[in-house]
Amino acid sequence: MPSPRRTIEGRPLGSSGGSSVPGSPAHGGGSGGGRFEFQSLLNCRAGADPACARLRASDSPVHRRGSFPLAASGPAQAAPAPPPEDARMNLNPSFLGIALRSLLAIDLWLSKKLGVCAGESSAWGSVRPLMKLLEISGHGIPWLLGTLYCLLRSDSWAGREVLMNLLFALLLDLLLVAVIKGLVRRRRPAHNQKDMFFTLSVDRYSFPSGHATRAALVSRFILNHLVLAIPLRVLVVLWAFVLGLSRVMLGRHNVTDVAFGFFLGYMQYSIVDYCWLSPHNVPVLFVLWNQQ
């Protein structure tokens, strides 16, 4: 005789006989046990019966694939996949980025320390009027007006040639500085006071220093094309250096603004010297100027 089958609830089911429980759906029918077992499987709820939950979990395709192994079933867990190469590179900052950030921090700190004439209440506030006078000596407007006046008053071809190239150098300096300032758009230091002499819209930016570029350009131009005594030559170099330093002391620029300005002005003279205007390469310009 075959052993009686048991339902998930633990009660015996007769294969052909009646159920021991009166009023059950399997009572009095040969196929009632099969219907009772089928309905019991349909009516079981997840979590209500542990056996049903285990049955449903074991029959699921995800469990059969082994995508979610039990913590206690295996001796060791699978090692996590290593991050991709790009992610590992992004987590480690480059040496160049660290160097640039360090240089910027040193630049801001040193510029603030050297801004001793940024205001009347600063450490060297009493020297501020003298520094502002030095600021005017390196402004572009006085240099342009002075060069034009000397060019009009000159009566020699050699003098006009030198002055015309100086005018060309000053215009080139204004153009290059304005373009770079518009591209970089670096704000002036926070301790700067807005009392500069004759500023334009682009002058609200600080990189590079126009006074520093002009000082380097003009001093190199004068030393190469004017015959001066040694004390005057030393005075020209000293003027250019003090003018650049005054930009930081007044709080107008950072140290890197002035340093790059000196470099740019030095290179600008090389451009002017390469494109030197003379009666031989641009005779029309000198003839027209001579007729004025």
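Cβ coordinates come from backbone N, Cα and C, glycine included.
Per Swiss-Prot, phosphoserine is recorded for SER24 (among others).
What Swiss-Prot lists as phosphoserine is SER67 (among others), and the listing cites a large-scale study or a structure entry.
Within the chain, the region 'Phosphatase sequence motif I' (181-189) has long-range Cβ neighbours (under 8 A, six or more residues past its boundaries) at 108, 111-112, 115, 118, 202-208, 210, 251-254, 257. Residues or ranges marked as region 'Phosphatase sequence motif I' in Swiss-Prot: 181-189.
The region 'Phosphatase sequence motif III' feature in Swiss-Prot is assigned to 246-257; the stated evidence is similarity to another entry. With a cut-off of 8 Å between Cβ atoms, the residues of this chain six or more beyond the region 'Phosphatase sequence motif III' (246-257) that come close are 103, 107-108, 110-111, 114-119, 124, 128, 131-132, 134-135, 186, 188-189, 191-193, 196, 206-209, 211-212.
Marked as topological domain 'Cytoplasmic' by Swiss-Prot: 1-131 (among others).
Annotated topological domain 'Lumenal' per Swiss-Prot: 153-161 (among others), in sequence order, evidence recorded as similarity to another entry.
Over the topological domain 'Cytoplasmic' (183-225) the predicted model carries a mean pLDDT of 88. According to Swiss-Prot, the feature topological domain 'Cytoplasmic' maps to 183-225 (among others).
Residues or ranges marked as topological domain 'Lumenal' in Swiss-Prot (evidence: similarity to another entry): 247-257 (among others).
Among the features that Swiss-Prot reports, topological domain 'Cytoplasmic' is placed at 279-292 (among others).
Residue counts for the topological domain 'Lumenal' (153-161) under DSSP, helix first, then strand, then coil, are 6 helix, 0 strand, 3 coil. Helix, strand and coil counts under DSSP for the topological domain 'Lumenal' (247-257) come to 6 helix, 0 strand, 5 coil.
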